[in-house]
């Protein structure tokens with residue numbers, strides 16, 4: 001099998017050989033530009049001293065580029081029809097393991113321990129994520145505290161904008177905070193829709209997430225912190241007070257007391273959630289947690 005998978009001609013040849021038909025339900029769009037693959041591996045910072053988990057290898061175009069540079073690659077593929085294709089296209093590489101399964105249901109830490117011969121090496125996660133499942137996968141990896149020092153994803157540009165957003169912009173929201181609380185986020189480059197087969201309706205972007213040594217702000221209860229941030233963006237055009245009072249009805253009889261307490265730490269309830277940065281949300285959630293516990 002030729003190593004140059006990521007061209008229109010080679011991709012078409014592989015798909016015809018196996019009679020492969022794209023499943024819209026799985027959001028399958030295969031890259032057909034090897035230059036983009038090189039930029040992804042460069043952005044991810046892959047070396048022979050790193051292990052890589054890839055999610056959704058497709059027919060192996062990105063996988064082979066990762067294998068050329070990394071120590072070992074473990075790729076999660078949910079579509080069983082692609083397994084024999086991957087066996088064929090990646091047969092020249094002995095440092096790739098393909099795991100058939102849904103990464104959302106997988107014990108990723110167990111896979112790391114079992115599949116990598118040198119599991120102590122730094123781990124990087126790289127993926128061309130299906131649009132429909134982008135957010136659940138990223139949040140699972142963060143929630144499960146997978147020991148990856150960075151994650152590099154190609155995803156819908158709109159989602160990349162939301163992940164890398166700053167306060168007081170239309171893209172800034174609870175997803176921004178959920179990710180930037182743990183990771184530094186950089187939108188690396190835009191990927192035009194024309195370099196995919198089949199061609200999607202929108203452009204993509206590659207985003208690079210680097211794990212922070214410590215979360216961006218100190219919170220007393222992370223679960224409550226994220227509950228507060230989600231509530232604050234429930235209706236973007238409403239004030240903090242309206243959104244929080246809707247989520248926590250116990251605040252309503254004590255509004256004056258709450259306003260006074262929050263003003264003392266520099267937070268005005270007439271602001272909208274989109275104007276608060278992460279440290280301010282941390283102050284807000286820590287205060288609210290104590291306030292709601294008071295008799």
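Using the three backbone atoms N, Cα and C, a Cβ is placed for every residue, glycine included.
Annotation comment: Swiss-Prot describes 29, 31, 56, 77, 102, 128 as S-adenosyl-L-methionine binding site.
Mapped onto this structure are the features recorded in Swiss-Prot.
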| residue | record | contacts (Cβ under 8 Å, 6+ apart) |
| --- | --- | --- |
| 29 | S-adenosyl-L-methionine binding site | 22, 128, 130, 196, 197, 198, 199, 200 |
| 31 | S-adenosyl-L-methionine binding site | 6, 37, 58, 61, 62, 128, 154, 195, 196 |
| 56 | S-adenosyl-L-methionine binding site | 76, 77, 78, 127, 128, 129, 130 |
| 102 | S-adenosyl-L-methionine binding site | 76, 78 |
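The Cβ of residue 77 (S-adenosyl-L-methionine binding site) has 24 other Cβ atoms within 10 Å, all protein chains considered. Our reading of the S-adenosyl-L-methionine binding annotation (29, 31, 56, 77, 102, 128) yields a largest Cα to Cα distance of 21 angstrom. The Cβ neighbour count for residue 128 (S-adenosyl-L-methionine binding site), using a 10 Å radius over every protein chain in view, is 26. In the three-state DSSP reading, residue 77 (S-adenosyl-L-methionine binding site) counts as strand.
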